[in-house]
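Participant: Have a look at the structure that comes next, please.
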């Protein structure tokens, strides 16, 4: 119980600290660029046309809504984080209880030791089920978080309170409105998890020497590196999910010119791929203007 409480508190603290970062990231993902590009230099010293980074973008938001405005959407995101942690823990706890029941039921019969690969498959499958359950239950809060952020673009106040936002979505879109963008989000999470754990297994098994004294440390490093690599590869799923969550919801940021009305998440994916925007919002620093794009001052976006 104390373990779960500490996880919730730690997660909530990290959520609060990272809220301004997520706010900026979401607005960039939608395509909103309130500040014109400037001429700067990249890491190799070459002159490039750069878009404002995280700090300039955050400063712009604070100049309009104050520093408190940087924490728009925090309440539903905290609810999502707390509920997700609890659900994730409960699902894993259920699997642990099932294992104990099997062990006690088998009596003194010696269980066959499973291979490390089988163990990875088993643990990854359980983690996938736990994450999927948490994502499914918390997605409505995720949708509200995104929409409350995106309304900054049109200066709307449609999604302000948690209860009012729930009522608005249900009234206008029904139950399905709470799960806009769920499928690409689930797919991205699942692919990222399996990719991360599979790569970590291969690295730990075939690339690292088991005789090294710091083996456990090396394994934790490899897990972190493969996790970062997997998240980079599956970023398009995150982008598509977030865009579908705000698409055609009555906000300026979810309608043309910032986004066409997508018929499905696959349509959104194809459109982004065609425009070369699959990595939009992936980087918050050293953001250069993509080749062939120009900045439109009136629309505050790249066209």
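Cβ coordinates are placed from backbone N, Cα and C, and glycine is handled just like the others.
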Participant: With respect to the membrane, are residue 7 and residue 277 annotated by Swiss-Prot as being on the same side?
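Facilitator: Going by Swiss-Prot, residue 7 and residue 277 are on opposing faces of the membrane.
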Participant: Have a look at 16-36, 37-57 and point to the one annotated transmembrane segment in Swiss-Prot.
Facilitator: 16-36
Participant: Counting by DSSP, what is the helix, strand and coil composition of the repeat 'Solcar 1' (2-98)?
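Facilitator: Per DSSP, the residues of the repeat 'Solcar 1' (2-98) fall into 71 helix, 9 strand, 17 coil.
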Participant: DSSP helix, strand and coil counts for the topological domain 'Cytoplasmic' (157-180)?
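Facilitator: Residue counts in helix, strand and coil order: 17 helix, 0 strand, 7 coil.
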Participant: With DSSP, how much of the topological domain 'Cytoplasmic' (253-280) is helix, how much strand and how much coil, in residues?
Facilitator: 13 helix, 0 strand, 15 coil
Participant: For the topological domain 'Cytoplasmic' (253-280), what are the same-chain contacts with Cβ under 8 Å, counting residues 6+ beyond its ends?
Facilitator: 27-32, 147, 150-154, 181, 183-184, 235-236, 239-241, 243-244, 246-247, 290, 292, 299, 301, 303
Participant: Over the topological domain 'Cytoplasmic' (157-180), what does the predicted model average in pLDDT?
Facilitator: 96
